[in-house]
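Novice: The Ni(2+) binding site feature in TrEMBL is assigned to H2. Residues or ranges marked as Zn(2+) binding site by TrEMBL: C70, C73, C86, C88.
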Amino acid sequence: MHELSIVCSIVELASQAAEGRSVRRVTIEIGTLSGVEPEAVAFCFPEVARGTPVEDATLDIREIDAKARCEVCGAEFPTPDMLSACPCGSRQFQRLRGEELNIKSIEVEEAA
Ligand SMILES: [Zn+2]
């Protein structure tokens with residue numbers, strides 16, 4: 001499963017960032033066109049995090065709606081799927097966002 005390897009990388013990066021402390025919260029952004037299922041990521045996370053410094057962390061998933069800018073009329077419009085067209089009918093556009101998969105932030109417990 002694609003999501004499993006993604007969750008593994010997230011947990012690995014967060015563990016490294018924690019430098020021996022425990023991670024409290026991991027916030028990630030998933031674009032709606034990234035091909036990654038947020039539900040599957042949320043499902044895998046506790047399993048993968050078990051036994052790591054990320055074990056007790058909350059996973060905060062933010063879904064990023066896809067958006068594009070039309071090259072004909074300049075309008076910005078949502079592109080929920082790959083076949084979207086601008087309201088003006090044009091299919092020439094630049095994707096602005098929606099394909100991202102980012103770790104937005106990693107919150108680590110304060111050092112004692
Ligand atoms: Zn247009």
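The backbone N, Cα and C atoms fix where each Cβ goes, and this holds for glycine too.
Help me understand the surroundings of these features in the structure.
Specialist: In sequence order, G35, V36 are the residues of the chain that are 6 or more apart from H2 (Ni(2+) binding site) and have a CB within less than 8 Å of its CB.
Mapped onto three states, the DSSP output places C70 (Zn(2+) binding site) in strand.
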Novice: Using the Cβ center of C70, C73, C86, C88 as the Zn(2+) site position, which other residues in that chain lie within 8 Å, going by their Cβ?
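Specialist: Counting only non-site residues, the set is E71, V72, G74, A75, F77, P87, G89, S90, F93.
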Novice: For the binding-site residues C70, C86, C88, work out the Cβ neighbour count at 10 Å and name the residue with the minimum.
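Specialist: Minimum Cβ neighbour count within 10 Å, taken over the binding-site residues C70, C86, C88, occurs at C88.
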Novice: Please state whether DSSP places C88 (Zn(2+) binding site) in a helix, a strand or coil.
Specialist: coil
